[in-house]
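Below: the structure, in structure tokens.
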Amino acid sequence: MALRGPLSRLLRTQFNNTCQSRTHSVAVLGAPFSKGQKRRGVEHGPKAIRDAGLIERLSHLDFPVQDFGDLSFQHLEEDEPYMHVLFPRTVGRASKLLSGAVGNAVGAGHTAVMLGGDHSLAIGSVEGHAKQCPDLCLIWVDAHADINTPFTSPSGNLHGQSVAFMLKELQNKMPELPGFSWVKPFLSAKDLVYIGLRDVDPGEYNILKDLGVQYFTMRDIDRLGIQRVMEVTFDHLLSRKQRPIHLSFDIDAMDPSLAPATGTPVNGGLTYREGIWITEEIHNTGLLSVMDLVEVNPALGASREAVESTASMAVDIIASALGQTREGGPITQESQTLKEDTEQLRL
């Protein structure tokens, strides 16, 4: 796996655990990878998001941004299915490489932004984050639960099994897949919240219910409103103690009218305002430590406009998670305090 430029230096550097004392800087890591599913083109997602102006947009916010470029993944010529799971060795190797990159970025004091690529990459991204910050919590924004095991997965695609590798409660449900001997479960079900679900497989539904995972379907969002959903999310994850947040955001959480260029679109998704509200509220906690933005697939846009709208949506999501507001400027401590004081006066 050939690595070039600043990303190679980041991977070679060892850092101490700095979860509680990160400097306010952002490291952008590209992960052009597609073997967690069958449809080609998602490996071009990082380029599409950058071409939509991500780095320029982030440069207008109140912190330094460093783009470390793309990881270079090796695709094995011989990678036979195992228990109908596709490309296990290739996905396992890619996830391990990404784990190291994310862990080192967090250890260096950065807030890390991982650009995918398919959602199997979250195995490595969250695992690398957890090595630096073992007490992290995970917010998974997605139309799909991605919590199938090899025994329940209808497709064998690993982008639909990512969360199962992480959960301690599923340790006895996961076979030893080739390529994944390095992964040990590190997350408890109580430390996970889903937002935006609307296409859950039967096996996944049983897992969610059996483990008591907190999740919000689109019906829940319609019923409660996105403000209440985020209040319950933070109460569930942060009421015991403040801790780092890992946000894993699949672009297919958004309605296909806003983000059509993706592999598994599902009608009835998040509106623009709901998606941005989620990320603004996560930013307002001051606890975002790592963010994934995955499943932008330029090859699946019906037109250039469809690709551009999807990539622009991704840029808006990332920028709002890092402090861009709909008023047009970054959220600062002073402006947030003023807003809170004004709201109290109104009350």
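Residue 1 is the first one shown; counting continues down the chain.
Quick reminder: no glycine exception, Cβ is built from N, Cα and C everywhere.
Database features, via TrEMBL:
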BINDING   H119, D142, H144, D146, D250, D252  Mn(2+) binding site
REGION    326-347  region 'Disordered'
COMPBIAS  337-347  compositional bias 'Basic and acidic residues'
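Remark: of the binding-site residues H119, H144, the most isolated position is H144 (fewest other Cβ atoms within 10 Å of its Cβ). For D142 (Mn(2+) binding site), other Cβ atoms within 10 Å of its Cβ number 27. Around D252 (Mn(2+) binding site), the same-chain residues six or more apart in sequence whose CB sits under 8 Å from its CB are D142, A143, H144, A259, T262, G263, T264, P265, V266, G269, E295, listed in sequence order.
Listed in chain order, the residues near the Mn(2+) site other than H119, D142, H144, D146, D250, D252 are W140, A143, A145, H159, G160, A253, T264, V294, E295, each with its Cβ within 8 Å of the site Cβ centroid.
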